[in-house]
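As recorded in TrEMBL, the features of this protein are as follows:
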type     : residues                          : note
BINDING  : ASP19, TRP20, GLU22, ASN24, GLU33 : Ca(2+) binding site
BINDING  : HIS65                             : Zn(2+) binding site
TRANSMEM : 47-68                             : transmembrane segment
TRANSMEM : 80-96                             : transmembrane segment
TRANSMEM : 103-120                           : transmembrane segment
Amino acid sequence: MAPVADYPGVWGKATATIDWCEENYVVTEYVAEFCIKAYQEKLETRYVVSFFSILVVGIGSWCFHMTLLYEMQLFDELPMIWGSCIFVFDLFHSFTPPKYQNLPMILCLVLYSFIITAINPPSVPVKRSPQLYLFRIMTSDFLPLRKPRNK
């Protein structure tokens, strides 16, 4: 992490205690760190897809909270479901050898995303949503169990 740059941009001089690896205010003077350079740094495709899913969730949330329209609510909620599946996939692959593919897990996550997209009940409280229960059931069989360390 580099120290915060001196270039102030539109918002004035940065007061944050850290500054990540991206160059500041390269794309626009309104956004200091416009993008994460996962593609340029040749990170795995799953990281690029993960960062893109966060971008879609952010845009969807922004649109929903601006308009409070049902269509924008779906644009807010559904990318959260899809993005969560992407991150479950990423989490699982953090503990696997390179080029390992768990096709049953991938198929279950894709099927889960399609089912939730088809039956998404936005009026159900989050604590009782079928998505939460189905997600817990599906992921419990696929995430590796950590063994306690012996001291």
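Cβ atoms here come from the backbone N, Cα and C positions, even for glycine.
TrEMBL annotations: computationally assigned, not manually curated.
Note that this is a predicted model, so its numbers are computed, not measured.
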The number of other Cβ atoms within 10 Å of the Cβ of ASP19 (Ca(2+) binding site), counted over all protein chains shown, is 16
Which whole-number value in Å describes the distance between the Cα atoms of GLU22 (Ca(2+) binding site) and the residue listed as 'Zn(2+) binding site'?
-> 29
Relative to the Cβ position of TRP20 (Ca(2+) binding site), how many further Cβ atoms are located within 10 Å?
-> 12
C-beta crowding around ASN24 (Ca(2+) binding site), within 10 angstroms = 19
Cβ neighbour count (within 10 Å, all chains shown) around GLU22 (Ca(2+) binding site) = 15
Write down the Cα-Cα distance for the residue listed as 'Zn(2+) binding site' and ASN24 (Ca(2+) binding site), rounded and given in Å.
-> 28
Would you kindly give the Cα-Cα distance separating HIS65 (Zn(2+) binding site) and GLU33 (Ca(2+) binding site), rounded to the nearest Å?
-> 24
